[in-house]
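Here is the structure we will look at.
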Protein chains: 2
Amino acid sequence: MTDISKEELDGIYAFAVNLGKEAGKMLLEAAKLRMGDERVSEERKEHVQKENAVDLVTETDEDVEAFIKGKIVEKYPSHKFVGEESYSKGSSRDYLIDDSPTWCVDPLDGTVNYIHLFPMFCVSIAFIHKSKPLIGVIYAPFLNQFFSSCVGRGAWLNETQRLPLIRNPVPPMPEKAPSGCIFSCEWGKDRKDHPDGNMHRKIESFMNMAAEIGGRQGRGGMVHGVRSLGSATLDLAYIAMGAFDIWWEGGCWEWDVAAGVAIVQEAGGLVTTANPPEDHLTAAIEEVRLGSRLYLAIRPAGASQTETGRQTQERTVREVWARVRNLDYSRPGA
Amino acid sequence: MTDISKEELDGIYAFAVNLGKEAGKMLLEAAKLRMGDERVSEERKEHVQKENAVDLVTETDEDVEAFIKGKIVEKYPSHKFVGEESYSKGSSRDYLIDDSPTWCVDPLDGTVNYIHLFPMFCVSIAFIHKSKPLIGVIYAPFLNQFFSSCVGRGAWLNETQRLPLIRNPVPPMPEKAPSGCIFSCEWGKDRKDHPDGNMHRKIESFMNMAAEIGGRQGRGGMVHGVRSLGSATLDLAYIAMGAFDIWWEGGCWEWDVAAGVAIVQEAGGLVTTANPPEDHLTAAIEEVRLGSRLYLAIRPAGASQTETGRQTQERTVREVWARVRNLDYSRPGA
């Protein structure tokens with residue numbers, strides 16, 4: 001596998017940015033069809049009533065992925081393509097990302113939001129080489145928020161505001177983190193009411209993070225706020241922005257997070273595993289494995305008077321690990 | 001108390017809309033000072049580091065309220081003014097809204113979000129007469145989302161898209177609601193780890209709404225998604241939009257919800273109390289009392305083949321009441 005030159009990477013980045021913009025526009029146009037647009041034909045109107053929303057959204061999802069894939073195959077026929085929709089149709093959930101130049105795409109993240117027309121939905125496009133996400137593009141067209149990054153070229157909001165937003169200087173993680181932090185987490189789809197199931201493990205962990213200091217048998221983290229948006233991709237985008245301090249989640253797939261991880265890392269954030277290792281106080285804090293389905297992200301952080309930015313992040317990771325339970329999301333076949 | 005003529009109300013609405021736009025701009029400009037704007041002086045930069053963010057935000061909050069109040073006093077000297085900041089400084093939390101023409105204002109809702117620069121913050125301005133919120137204006141400047149309504153004149157997003165967004169026709173509430181619904185709720189500030197405290201009552205209720213059908217001793221509601229934005233005002237705005245189906249919350253004050261309630265009601269939504277009455281299957285579903293601190297909002301709904309829109313909403317209210325616990329938010333002095 002040869003390296004990719006700076007010029008090649010610039011070209012791929014420019015291509016990915018345009019592709020993200022076009023795909024986001026497609027999402028918004030399909031959403032508008034479902035709004036009360038008087039110019040939509042009567043026939044179309046019947047088709048777009050809410051009861052059909054799920055089918056329509058699946059259709060949009062597939063159309064947008066086909067569009068993205070078509071453009072990539074045309075421009076970079078030698079690159080691999082891993083897309084959410086292509087997976088869904090197959091039976092395998094094998095991890096397909098290797099050292100080849102690979103595109104990892106979620107045409108529509110935040111599907112439930114999209115069905116309900118809650119603005120937190122987006123397209124997510126990552127370019128990965130040698131197993132590292134080098135380029136990330138996330139576009140939430142209903143919010144007019146476009147996030148992008150390329151390794152070595154910074155992470156950006158709307159191509160003009162460098163991320164994180166607060167950067168003169170970038171503040172360290174709070175001294176008493178998770179206290180003072182915005183904690184982002186998702187309820188997810190696994191709602192089995194099993195006392196040791198993922199839902200209960202998650203909610204117990206959320207409550208530990210939220211409860212007053214001293215509460216929950218000493219686990220109370222008294223975070224500043226708990227947020228759930230229903231989009232893993234946008235959770236990561238807001239981590240890169242510095243708006244969310246901590247994101248903890250299990251169950252996502254690589255296409256949900258690849259672009260977000262690229263943007264978070266380029267902005268200076270840290271992404272590691274959600275599940276606390278046994279020696280969570282001393283274990284080395286390893287970079288996330290994209291296909292692991294278990295993610296803990298910490299926002300970009302600068303130095304304090306006594307710690308480097310990375311030290312404030314790692315301290316926060318250990319404080320989160322001390323408060324959360326292991327989640328059980330294995331990879332089918334893995 | 002005399003009635004307000006149609007013309008007067010038009011004038012008040014136009015005034016409120018402009019006021020909201022100007023106040024929102026002030027919020028965004030103050031936020032930009034905290035972002036990495038190179039044009040900000042070095043002295044200012046030191047002042048705006050994150051450790052000072054809370055003071056700065058309090059300052060912005062007070063400045064924006066003073067601005068709004070000044071404009072109202074100048075234009076409508078006979079109207080009453082109830083603002084969040086004015087309350088905070090006093091010791092009383094008496095409910096001050098009576099039959100007089102009254103402005104009820106939160107200069108900055110989503111304060112924690114604003115501190116962290118998470119875009120879900122807004123200004124909220126309501127005009128109330130004879131205890132009814134007649135006009136609502138909500139502006140989230142970082143999202144470019146401006147919500148407004150005036151009784152009889154519809155509810156709007158960005159003055160161009162009528163709410164709810166899906167309206168040809170407006171869909172009924174799902175047949176098996178809360179299943180199929182987006183449920184919006186907030187963790188709030190009360191994090192006491194008391195088994196019968198508000199935090200535990202809330203989380204128990206959230207889990208009932210989320211769990212699989214049949215789970216939680218039959219209380220499982222299997223909602224489509226659980227969302228927490230950290231802004232009661234924007235929760236209501238998204239209910240009016242139809243993006244959220246159900247919002248259930250306790251602990252807010254009238255300035256957090258007055259504009260949102262106006263917009264939800266004008267869009268066709270229903271707002272009643274969070275706490276289930278004893279005879280929750282048969283009790284009349286009463287309109288919310290603004291000062292009650294307990295709110296349950298249901299999105300605008302159209303008729304199904306067997307029910308009116310209102311019937312689908314009331315059915316949903318009872319299904320929520322069957323799954324939630326009473327919250328304990330009294331009014332100091334009440």
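Cβ coordinates are placed from backbone N, Cα and C, and glycine is handled just like the others.
Not measured: the values here are computed from a predicted model.
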Among A:ASP235, A:ASP245, A:ASP256, the candidate listed by TrEMBL alongside A:GLU84, A:ASP106, A:LEU108, A:ASP109 for Mg(2+) is A:ASP256
Simplified to three states, DSSP reports A:GLU84 (Mg(2+) binding site) as helix
Long-range Cβ list for A:GLU84 (Mg(2+) binding site), cut-off under 8 Å, min separation 6+ in sequence, same chain only, gives A:ASP61, A:GLU65, A:VAL105, A:ASP106, A:PRO107, A:LEU108, A:TRP253, A:TRP255, A:ASP256
Sparsest Cβ environment (other Cβ within 10 Å) among binding-site residues A:ASP109, A:ASP256 belongs to A:ASP256
